[in-house]
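A.B. asks: The feature active site, proton acceptor is assigned by Swiss-Prot to Glu93. As annotated by Swiss-Prot, active site, S-methylcysteine intermediate applies to Cys343, with the evidence given as sequence analysis. The annotation [4Fe-4S] cluster binding site is assigned in Swiss-Prot to Cys113, Cys117, Cys120 on the grounds of sequence analysis. Residues or ranges marked as S-adenosyl-L-methionine binding site in Swiss-Prot (evidence: sequence analysis): Gly167, Glu168, Ser199, Ser221, Leu222, His223, Asn300. According to Swiss-Prot, the disulfide bond annotation covers Cys106-Cys343. Annotated domain 'Radical SAM core' per Swiss-Prot: 99-337, in sequence order.
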Amino acid sequence: MQQDKVNLLGLNQKAIEDFFISIGEKKFHARQVFKWIHKKGVIDFDAMTDLGKNLRHKLKEKAQITIPKVVFSKASKDGTHKWLIDVGGSAVETVFIPEEGRGTLCVSSQVGCTLNCSFCSTGKQGFNRNLSAAEVIAQLWIAARTLSKTDGEHDFTVTNIVMMGMGEPLMNFENVVPAMDIMMDDLAYGLSRRKVTLSTSGVVPRIYDLLEQSGVSLAVSLHAPNDMLRNEIVPINKKYNIDELLEACKLYAQNGPHKHITFEYTLMEEVNDNLSDAEELVALLKSREVPAKINLIPFNPYPGTPYKKPSNNRIHRFKEFLQHNGFVTTVRKTRGDDIDAACGQLAGDVMDKTNRKQRYLKKLGDTNAN
């Protein structure tokens, strides 16, 4: 029986070195190939000109570099770019957001999501599977290779990564961490820990593991100032409550790259956007002594949701109260809404688990017909 070829795309530097040793080759050859793949974007062994002919032949027998197919891509009028990527018959989305002086890539970690937060469109798809490390890093590989550096108006260089796409990254820890290792490797994309941010809904044990094994920047999807409300809208809170979550956050802030935690708070009208909610949030964070920045996210409605986006006045009032009480507070701009790329819309054309494959196949058929 022929052994399956190893996909080198998802191997971090140590793993690819171990693979080369296992086939009787030297570590420095592994580093050469690693650099070819990620720094230069080359996936054809024959094009790796500093490798000997015998080594290239051996690699073709024992390894492969497989990039997922891009089903389609869309560019927004504001410069935002979205890709729908085929991951073995299912699809995930990746979004690039250009801003002045930076370009942020929002990366998915799962097909669907297990956590079923009540306001999240991705959660309504149900959960299919975790992405492999290769499928995670492929999103950056594709973006880095297909974006032009500039169109005269927008800068299209990826400078920051946010693990905030489809899925809960800490529920796919074993694949997400090696992929982030590649993102931060100087032989690959060379991003610093400050430039790679993982967002979690609060898988508390894995927050401690993340600090020990990776130490990237941490963002926490809080969305509520008390357990009663958070139990309702972020169900994982029933397993790991706010006290446990903030205890982990405090330790992470003390040892992480930013010395603070970014708390994401999706504002939903008359659900969690009242002044009393802001007061409770301030009291909560001050009492737990967690160094915090707060990122307010106006809710983006999607078909079938009972929630509404607050008025600008309510958003401004909430922000002003937090700032007045000493918290650095930002309001996330709505970006890419004309291509369904804004936060909360990452389900896009693959809205629910039942119809995901049919929708994907239809999109693939439409693409091939053009």
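Cβ atoms here come from the backbone N, Cα and C positions, even for glycine.
Since the structure is predicted, the reported quantities are computational estimates derived from the model, not experimental observations.
Can you tell me where each of these features sits in this structure?
C.D. replies: Around the Cβ of Cys113 ([4Fe-4S] cluster binding site), 25 further Cβ atoms fall within 10 Å across all displayed protein chains.
Using a 10 Å Cβ-Cβ cutoff, Asn300 (S-adenosyl-L-methionine binding site) registers 19 neighbours. Mapped onto three states, the DSSP output places Asn300 (S-adenosyl-L-methionine binding site) in coil.
Other Cβ atoms within 10 Å of the Cβ of Cys106 (disulfide bond) number 26 in total over all chains.
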A.B. asks: Of the recorded positions listed here (Glu93, Cys106, Cys113, Cys117, Cys120), which is spatially closest to Gly167 (S-adenosyl-L-methionine binding site) when Cα positions are compared?
C.D. replies: Cys113
A.B. asks: Average the per-residue pLDDT over the domain 'Radical SAM core' (99-337) and send me the rounded value.
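C.D. replies: It averages 94.
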A.B. asks: Which whole-number value in Å describes the distance between the Cα atoms of Cys106 (disulfide bond) and Glu93 (active site, proton acceptor)?
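C.D. replies: Here the two Cα atoms lie 9 Å apart.
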A.B. asks: Under 8 Å Cβ-Cβ from Leu222 (S-adenosyl-L-methionine binding site), six or more apart in the same chain: what's there?
C.D. replies: Arg230, Ile242, Leu245, Phe263, Glu264, Tyr265, Leu281
A.B. asks: Just to verify a number: CA distance, Cys120 ([4Fe-4S] cluster binding site) to Asn300 (S-adenosyl-L-methionine binding site), in angstrom, no decimals.
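C.D. replies: Given the Cα positions, Cys120 ([4Fe-4S] cluster binding site) is 9 Å from Asn300 (S-adenosyl-L-methionine binding site).
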